[in-house]
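Have a look at the structure below before the remarks.
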Amino acid sequence: METTCGSLLLQLQDIWDEVGEPDGARDRMLLELERECMEVYRRKVDQANRGRAQLRQAIAESEAELAAICSAMGEPLVHVKQSNQKSGALLEEINAIGPYLEEMKKKKIERWSQILGVVGQIEKISSEIRPAGFVPFKIPVDESDLTLRKLEELRMSLQSLEEEKKERIKQVMKYFNTLHSLCEVLGIDFKQTISELQDLASTMLVLWNLMDTPIEEQQAFQSVTCNIAASDHELNEPNTLSTDFLDYVEAEVLRLEQLKASKMKELIMKKKAELEEHRRRAHLVRDEGYAAQFSIEAIEVGVIDPSLLLEQIEAYIATVKEDAFSRKDILERVERWLSACEEEAWLEDYNKDDNRYSAGRGAHIMLKRAEKARVLVNKIPGMVDILTAKIIAWEKERSTEFTYDGARLLSVLEEFMIVRHEKERERKRQRDQKKLQDQFKAEQELLYGSKPSPSKSNSAKKPICDCSRDENRTPKKIVVPTPRTPMTVSAPMQMATTALGTTKTTPVRLAYDKPKLNLQQGVEYSFEERRLAVYRAAQVP
């Protein structure tokens with residue numbers, strides 16, 4: 001280092017000589033360099049002194065801690081001799097004390113854990129063998145006294161308490177044996193009673209959840225349900241297993257079961273009504289044995305489980321809904337067909353009414369309904385044909401007969417068409433017969449003229465035209481009484497009147513052009529309706 005400093009001073013002298021620095025300035029610079037070097041040396045010395053002091057303090061603290069641990073554990077202190085003469089003695093000393101101190105700390109922790117374990121067992125056993133109102137005392141444990149002697153004292157206390165506990169257990173078992181002997185004499189099984197109580201509690205919880213019992217009603221039996229999983233020694237509340245209490249709980253369970261049975265009956269009746277409604281809408285007849293299978297009497301006697309019966313009804317409802325969906329199109333067409341049949345029946349009754357063409361109030365409404373009914377009746381054969389085709393396709397697809405209220409619908413339609421054809425033939429025969437009668441009557445009138453009725457000679461009457469002769473443009477001879485109302489005779493018709501007092505009527509021949517009839521094509525009309533249509537057309541100016 002001196003060589004380095006000397007070479008640097010020589011370089012500095014050369015620089016000063018070259019620059020021409022005065023001697024005074026050179027001396028000041030050298031003094032400044034010397035002061036700076038002294039400051040650096042002083043700082044390093046102070047730093048070294050502080051490091052040495054810290055080492056000595058650490059050694060002293062370690063020795064003090066080691067001494068405290070050894071004193072608490074009752075072990076001799078090992079001194080590490082300090083030597084100030086030897087270089088590096090402090091570092092060696094701190095390195096020697098450190099591992100020994102760590103080892104003693106571990107021993108202290110282990111000893112402390114052992115003492116705490118023994119103290120905990122002592123407190124636990126003390127609380128077990130003391131009366132119920134006993135407040136367990138706290139054993140004072142001082143960390144400054146962790147000697148083996150203290151540990152042995154605690155172990156001796158623990159051993160004494162364990163022996164006392166064993167004696168008490170023997171005494172308790174003796175009492176238990178005596179108690180069990182007395183229970184056997186009295187026919188009381190403690191475990192069986194607990195099992196019965198827990199079974200009742202489980203059933204009660206199930207019924208509560210099933211029927212959504214309010215919390216207020218459940219609170220009265222909270223002491224029962226809280227012991228549903230309790231062991232024998234945990235049931236220590238008074239009157240928990242008494243006969244009266246068990247009867248009380250059993251009565252509540254019986255009440256809940258009766259309430260459940262009542263609600264199940266109501267639900268089953270509701271589902272049965274729903275099933276019947278679906279079957280009624282689908283026009284399905286109940287299967288054989290249906291009433292016996294779903295009877296409430298079978299539930300009351302216990303032949304059928306209500307839950308199982310409810311599931312069966314739900315399955316039946318699903319099946320009926322599926323069948324109804326597949327039958328929907330056909331049933332709608334059946335309803336339209338039945339509606340048309342009702343209109344046909346009404347039309348037959350209407351045609352039999354002799355006063356249907358009277359000029360009374362609402363007659364035009366009935367005429368319009370009759371026209372609509374005829375249009376609908378003429379569609380019945382087409383309805384039956386389409387319905388028959390759909391039923392055949394349905395039966396072919398499902399390999400079963402399509403029934404309607406218990407009868408095969410295809411057979412009903414066939415029978416309906418047979419009856420309808422017979423009615424058509426009968427109506428045709430009656431029309432032909434009536435036509436012959438009218439024709440004969442018309443011929444008689446042409447030959448001899450019509451005679452007025454004595455009872456109606458003075459009354460007003462509408463003139464009636466014969467439609468068949470109208471169409472053949474045959475002149476008509478009629479005798480018309482004196483008209484009394486504007487409705488009796490219309491302007492286009494030329495009529496002849498006779499005196500009221502004559503004894504013999506003179507036929508009058510009336511010639512007129514054929515009126516235009518307002519009749520729908522393809523619709524069958526009766527003779528009276530066609531005659532009324534001719535009369536109404538003749539009234540139009």
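Sequential numbering from 1, following the chain as shown.
The backbone N, Cα and C atoms fix where each Cβ goes, glycine too.
Annotated coiled coil per TrEMBL: 38-65 (among others), in sequence order.
Marked as coiled coil by TrEMBL: 144-171 (among others). Sequence-distant contacts of the coiled coil (144-171), counting only residues of its own chain at least 6 positions beyond either end whose CB sits under 8 Å from a CB of the stretch, comprise 68, 71-74, 108, 111-112, 114-115, 118-119, 121-122, 125-126, 128-129.
Proximity of distant same-chain residues to the coiled coil (261-288), defined by a Cβ-Cβ separation under 8 Å and at least 6 residues beyond the stretch ends, is recorded for 211, 294, 296, 299, 306-307, 309-310, 313-314, 316-317, 320-321, 323-324, 327, 331, 334, 403-406. According to TrEMBL, the feature coiled coil maps to 261-288 (among others).
Summarising the annotation, TrEMBL assigns region 'Disordered' to 443-488.
Per TrEMBL, compositional bias 'Low complexity' is recorded for 450-462.
According to TrEMBL, the compositional bias 'Basic and acidic residues' annotation covers 463-474.
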For the coiled coil (144-171), mean pLDDT (0 to 100): 86
